[in-house]
Amino acid sequence: MADILLLDNIDSFTWNLADQLRTNGHNVVIYRNHIPAQTLIDRLATMKNPVLMLSPGPGVPSEAGCMPELLTRLRGKLPIIGICLGHQAIVEAYGGYVGQAGEILHGKASSIEHDGQAMFAGLANPLPVARYHSLVGSNVPAGLTINAHFNGMVMAVRHDADRVCGFQFHPESILTTQGARLLEQTLAWAQQKLEPTNTLQPILEKLYQAQTLTQQESHQLFSAVVRGELKPEQLAAALVSMKIRGEHPNEIAGAATALLENAAPFPRPEYLFADIVGTGGDGSNSINISTASAFVAAACGLKVAKHGNRSVSSKSGSSDLLAAFGINLDMNADKSRQALDELGVCFLFAPKYHTGLRHAMPVRQQLKTRTLFNVLGPLINPAHPPLALIGVYSPELVLPIAETLRVLGYQRAAVVHSGGMDEVSLHAPTIVAELHDGEIKSYQLTAEDFGLTPYHQDQLAGGTPEENRDILTRLLQGKGDAAHEAAVAANVAMLMRLHGQEDLKANAQTVLDVLRNGTAYDRVTALAARG
């Protein structure tokens, strides 16, 4: 018998579900999703065999009251079962995407195929189920097992270690012919005690033998890192082993999905938006080109959710510059999303969303060398943008990072390096690996491709955050140096291409026109005014 806290996402199916569970002898208490998350966490703490169940409901997961916060705080600590909207929330919480299913289903019977494992053991296959949904989960991260599907759509997921699972369909419906049995087997699975095993040691041994990890193994390793479960000497050995051999795209993707799953949630928009970001570490100490480009892109009508951190190797990282502009780095997720909606730009401060990285910081500081963590920053944007322009500090990283973006499910992205800089530049050819609908194309770009004049790298030199603020203030007000204008124009033009505007020369001219009318600076002051 389970003690179930059923979170009601304001849906009549909640009561059908409660009746089914109570018929089978389970204790069920129901709370609506407008109750503070802490109140529900305190209530769960009083239960003997607690299970959190997330009901169906209208709308999208990010708007379902306290549900996203509950998932962030409780996954891995107690069993969680999600149904329909609850299932979608689980997919999002672990780093997946929820979007339109292509049709609106209301009481439709479908026969899904499943893996016959765990909660589906012994059930009919295909299994008739009831579907009531217009959204569906996709880009499911490696940490979740897809254990049921219908015509390529995800119908169920589970996380064995965390004892978290979700069903896109309704097991409590009469149209789900074996729904009662499925619920019982799910609760039995959820309450099983995992035998403690040292599952990380075989993974570490593979690294010591210079073998490449699978995406799942890398995911497992870095999940342990962000939970603080790895000893410093183990983490140091793992990072150095991968560095010497060279990190594989599947290893980078596994680490990225682990960090995304453990990140604080951000209400992901359904409209098209992008990130423009560099790894840093190129040693150029240039002005903050990608940060300036984000504001200019917004003034050009694009939407940019920029993920960034303080400086590691330069005098001024993106967050250092933003702080100098008076922009609040601790802006909460809802306010940041509102800024993205209304201004076309927001900034997500990495330490606010990825608190688990604190466990790796002492080791990184002691090693004093680049490791896999140096390339993870651009890949772990908690907003999960479908588009990205990513600069890398080494030409050897261009193709591997593009391959990683493909594994992570990006819709379209470009990875670039140019003459020692982690962005598109005009002083040297820009090496590009462009991902578009699963295909990667490699090519080079020069200043001529943008219709711009080449400039020397020295003309992009920056300084302290305050010095860079003053430089970019002039630039965004339409009073900047020609070299600075051209650098931003090239990068925003490339970002516009990722949005389907293929003509780089026309794009660059549009950017220059916007730069010179000063409207980009209005985005800076408006964002700073939001506090």
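Cβ atoms are placed via backbone N, Cα and C, with glycine included.
Cys84 (active site, nucleophile) falls within neither a helix nor a strand when secondary structure is assigned with DSSP, and so counts as coil. Within 10 Å of the Cβ of Cys84 (active site, nucleophile) there are 26 other Cβ atoms, across all protein chains. Marked as active site, nucleophile by Swiss-Prot on the basis of similarity to another entry: Cys84.
Every protein chain considered, the tally of other Cβ atoms within 10 Å of the Cβ of His170 (active site, for GATase activity) stands at 22. The annotation active site, for GATase activity is assigned in Swiss-Prot to His170 (among others).
Annotation source Swiss-Prot lists active site, for GATase activity at Glu172 (among others). Sequence-distant contacts (6 or more apart, same chain, Cβ under 8 Å) of Glu172 (active site, for GATase activity) comprise Phe13, Asn16, Leu17, Asp19, Gln20, Ile83, Gly179, Leu183.
Neighbour density for Ser134 (L-glutamine binding site): within 10 A of its CB lie 12 other CB atoms from the protein chains shown. Among the features that Swiss-Prot reports, L-glutamine binding site is placed at Gly57, Pro58, Gly59, Gln88, Ser134, Leu135.
Note on the domain 'Glutamine amidotransferase type-1' (3-196): its mean pLDDT in the predicted model is 91. Marked as domain 'Glutamine amidotransferase type-1' by Swiss-Prot: 3-196.
Under the heading region 'Anthranilate phosphoribosyltransferase', Swiss-Prot lists 202-531.
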Would you work out the biggest C-alpha to C-alpha distance among Gly57, Pro58, Gly59, Gln88, Ser134, Leu135, the residues that bind L-glutamine according to the record, and give it in angstrom as a whole number?
12
Work out how many Å separate Gly59 (L-glutamine binding site) and Cys84 (active site, nucleophile) at their Cα atoms, rounded off.
11
CB-centroid shell, 8 A cutoff, L-glutamine site Gly57, Pro58, Gly59, Gln88, Ser134, Leu135, site residues removed:
Pro56, Val60, Pro61, Cys84, Leu85, His133
In three-state terms from DSSP, label Gly57 (L-glutamine binding site) for me.
coil
If you measure His170 (active site, for GATase activity) to Cys84 (active site, nucleophile) at Cα, how many Å is it?
7
Taking only the Cα atoms, work out how far Gly57 (L-glutamine binding site) lies from Cys84 (active site, nucleophile), in Å, as a whole number.
7
